[in-house]
Ligand code: ATP
Ligand code: MG
């Protein structure tokens, strides 16, 4: 039985990319593992979040995870800020990770954009907090989308350097669990950019709470190219938008892209988009309905998260206390 850790930022509402790249795997990995899933609100505030919106989004995403099949009795589901061990270990990792390592992180470069001087220092040290999230539990399996693979390598570098500096085998190696074809779902407006919560245009993504009309409209307006769908995946080369829509279809229908093209190759995008809309609506309607039902009881969600936080703290506190002792910090009590 492995210990799994993963997280999602309450920077917006979880979208189809989060679902196919991460959440769907989280649900499956509950079976036979000890799974810990976290709403990483401390990560979210590395970019400005309106406080009331942050609170609402944290609750809605918690409801969404439960609606997608995360069982808070079986898994540990909680909000990051409630377990102080994350921030305590992150500070130690700020002192272990090297400036040059963080300087190479492509997500920082993407998110900081051109105006590097103006972004928060939190955004720069974000990967150290992510390493702490995982290593505070001695978790070894981390199911994430492909965009997080560089951060996981860095987490391993931090763990190794800590072990080396303090002469112990304290932190274990982390194994990314990145699942093939759905590891990177792309924006509906630009097939070269990943679908993201923080992208300004809401048209670029399908949020898991979008209603049927919104889903239909976003797919209808999704960028494509003038050619018809090919009959073989090899001919999707150089057609990122077409590849993305075929990939989404395949993932939701649980078939391969080749099978999608066997059925739909030679068609124009008009009819294909209609079939895709039907499929997305069929998959998301039950999730949306259940999310709205759960979100109507915010006190219940808070209670679920607080209970999860107590269970998480019971694992993380002794591990982080030991890391502090190894570093030479005196015990807190
Ligand atoms: P933000 O724009 O605020 O960073 P995000 O959409 O990137 O939001 P995160 O909360 O950062 O979402 O990531 C949650 C999980 O979803 C991570 O495991 C991440 O790798 C995965 N993920 C995010 N975007 C995609 C995507 N487009 N395709 C597949 N997986 C994704
Ligand atoms: Mg992200």
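Every residue, even glycine, has its Cβ placed from backbone N, Cα and C.
TrEMBL does not curate its annotations; it predicts them automatically.
In TrEMBL, the feature motif ''KMSKS' region' is placed on 194-198, out of the ranges 184-188, 189-193, 194-198.
Residue pair residue 18 (ATP binding site) / residue 133 (L-tryptophan binding site) shows a Cα separation of 18 Å. Taking the Cβ of residue 146 (ATP binding site) as reference, residues of its chain lying under 8 Å away and at least six apart in sequence are, in sequence order, 21, 178, 183, 184. DSSP assignment over the motif ''KMSKS' region' (194-198) gives 0 helix, 1 strand, 4 coil.
In the vicinity of ligand 1, defined as a Cβ distance under 6 Å, the following of the binding-site residues 9, 18, 133, 146 are placed: 9, 18. According to DSSP, residue 18 (ATP binding site) sits within a helical segment.
A sphere of 10 angstroms centred on the C-beta of residue 185 (ATP binding site) encloses 25 other C-beta atoms.
Under the three-state DSSP scheme, residue 11 (ATP binding site) falls in the coil class.
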